[in-house]
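What follows is one structure encoded as structure tokens, with my remarks underneath.
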Amino acid sequence: MAGKRSGWSRAALLQLLLGVNLVVMPPTQARSLRFVTLLYRHGDRSPVKTYPKDPYQEEEWPQGFGQLTKEGMLQHWELGQALRQRYHGFLNTSYHRQEVYVRSTDFDRTLMSAEANLAGLFPPNGMQRFNPNISWQPIPVHTVPITEDRLLKFPLGPCPRYEQLQNETRQTPEYQNESSRNAQFLDMVANETGLTDLTLETVWNVYDTLFCEQTHGLRLPPWASPQTMQRLSRLKDFSFRFLFGIYQQAEKARLQGGVLLAQIRKNLTLMATTSQLPKLLVYSAHDTTLVALQMALDVYNGEQAPYASCHIFELYQEDSGNFSVEMYFRNESDKAPWPLSLPGCPHRCPLQDFLRLTEPVVPKDWQQECQVASGPADTEVIVALAVCGSILFLLIVLLLTVLFRMQAQPPGYRHVADGEDHA
């Protein structure tokens, strides 16, 4: 009986200690989403330009060139709906201005894409409906003039060092081989389109025009066969790599996509330390913006970002209290976003590792790094000019000294003959 009582006493004691621990020790904090940054491309649009022999000129498009279409509006409304579902429980179901901030480039198509996206993300309900027949509410989208945009409009410029890198890229074997392989093809396209300045760097415009026309049911010219379109598409992707890679990718990143990455890093750090930003920060921009950022992160898949594609950064606070970053890319509307892993880090990347690994592609002083360093030839010119300038200065000093002494000398005496003044 004593042993039995002793057993019950030990069991009771363990339960008591467990109860005390539950009361004294705080419960473990569950992993939680703290902050989201989105960068998306605008939706379907009309061509940004056409070519001289194109039978479909600007009047063929209801709003002209470079404008968001109804298809593009729907694409972004659907993306907004998908984001609403993904972040249910994180964002309020109704719009609260303290929770979200949206910035766009100053183009009609990106501004309108952001507005369509917000219509899907935050449909009005209850008191937010200003008209019972309209399931929409105005939500602010911020922008700056194109000439002042140093965050979302790429490639950034003017930047002499970047232009120098591009000239050096043109001399690489990869660029030279690509140019040689496609010389006759580019001549054919130039002849069919009427363009006189077609290069590896500009041929994407032809593909873009034909792609937009084909997407909207317009008949392509006979020369634009499926094989030609496929080849144009490949050259279009090459032009993106030319802008931000192929040669000195890390330095190009510091001058281009690293500028945006620097702001994203700053925001992630700020939210991990002070929580002073909105829960959701949205950037509405272009395919070049996405490629510039993904090349800086070294996660670019080599293909043009499709309409309404979206790069996602999610900041989590782990149950340990530390923070981690997860990235996703939504480039297909009927599939879940693809997980992206920063090279050298798992998909759930600790924030400190994310910051450390991306540090090399973030500029310290963009204006300074954009300057072209003086080469040996430039140094010789500078020295020669300095020597010439010094010699000229000495000659001027010598000349002034002589003139000064001549003026300081007293006037000489002149003998006058007797009677000279008496004629």
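Each Cβ is built from the backbone N, Cα and C atoms, and glycine gets one as well.
Taken straight from Swiss-Prot:
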ACT_SITE  His42  active site, nucleophile
ACT_SITE  Asp287  active site, proton donor
DISULFID  Cys159-Cys370  disulfide bond
DISULFID  Cys212-Cys310  disulfide bond
DISULFID  Cys345-Cys349  disulfide bond
CARBOHYD  Asn92  N-linked glycosylation site
CARBOHYD  Asn133  N-linked glycosylation site
CARBOHYD  Asn167  N-linked glycosylation site
CARBOHYD  Asn177  N-linked glycosylation site
CARBOHYD  Asn191  N-linked glycosylation site
CARBOHYD  Asn267  N-linked glycosylation site
CARBOHYD  Asn322  N-linked glycosylation site
CARBOHYD  Asn331  N-linked glycosylation site
SIGNAL    1-30  signal peptide
TOPO_DOM  31-380  topological domain 'Lumenal'
TOPO_DOM  402-423  topological domain 'Cytoplasmic'
TRANSMEM  381-401  transmembrane segment
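Sequence features annotated in Swiss-Prot and their locations in the structure.
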{"residue": "His42", "record": "active site, nucleophile", "Cβ neighbours (10 Å)": "30"}
{"residue": "Asn92", "record": "N-linked glycosylation site", "Cβ neighbours (10 Å)": "13"}
{"residue": "Asn133", "record": "N-linked glycosylation site", "Cβ neighbours (10 Å)": "5"}
{"residue": "Asn167", "record": "N-linked glycosylation site", "Cβ neighbours (10 Å)": "9"}
{"residue": "Asn177", "record": "N-linked glycosylation site", "Cβ neighbours (10 Å)": "10"}
{"residue": "Asn191", "record": "N-linked glycosylation site", "Cβ neighbours (10 Å)": "12"}
{"residue": "Cys310", "record": "disulfide bond", "Cβ neighbours (10 Å)": "22"}
{"residue": "Asn322", "record": "N-linked glycosylation site", "Cβ neighbours (10 Å)": "12"}
{"residue": "Asn331", "record": "N-linked glycosylation site", "Cβ neighbours (10 Å)": "20"}
{"residue": "Cys345", "record": "disulfide bond", "Cβ neighbours (10 Å)": "17"}
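Remark: Cys370 (disulfide bond) has Pro158, Cys159, Pro160, Arg161, Tyr162, Leu255 as non-local neighbours, by Cβ distance under 8 Å and separation of at least 6 in sequence. When the alpha carbons of Asn331 (N-linked glycosylation site) and Cys310 (disulfide bond) are compared, the span between them is 7 angstrom. With respect to their backbone Cα atoms, Cys345 (disulfide bond) and Asn167 (N-linked glycosylation site) stand 33 Å from each other. Around the Cβ of Cys349 (disulfide bond), the same chain contributes Ser324, Val325, Glu326, Met327, Ser341, Leu342, Leu357, each under 8 angstroms and 6 or more positions distant in sequence. In space, His42 is the closest of the recorded positions His42, Asn92, Asn133, Asn267, Asn322 to Asn191 (N-linked glycosylation site), judged by Cα positions. Cα of Asn322 (N-linked glycosylation site) to Cα of Asn167 (N-linked glycosylation site): a span of 44 Å. Asn177 (N-linked glycosylation site) sits 15 Å from Asn167 (N-linked glycosylation site), taking the CA atoms of both as reference points.
A gap of 23 Å separates the Cα atoms of Asn133 (N-linked glycosylation site) and Asn92 (N-linked glycosylation site).
Applying an 8 A CB threshold to same-chain residues 6+ apart, the list for Cys212 (disulfide bond) reads Arg45, Ser46, Pro47.
Packing around Cys159 (disulfide bond) is summarised by its Cβ count: 19 other Cβ atoms lie within 10 angstroms of its Cβ, all protein chains included. Nearest neighbour of Cys310 (disulfide bond) by Cα distance, taken over the recorded positions His42, Asn92, Asn267: His42. Annotation note: Cys349 (disulfide bond) sits in a strand segment as assigned by DSSP.
Among the recorded positions Asn92, Asn167, Asn267, Asp287, the residue whose Cα lies closest in space to that of the residue listed as 'active site, nucleophile' is Asp287. Asn167 (N-linked glycosylation site) has Asp287 as its nearest neighbour among the recorded positions Asn92, Asn267, Asp287, going by CA to CA distance. Around the Cβ of Asn267 (N-linked glycosylation site), 18 further Cβ atoms fall within 10 Å across all displayed protein chains.
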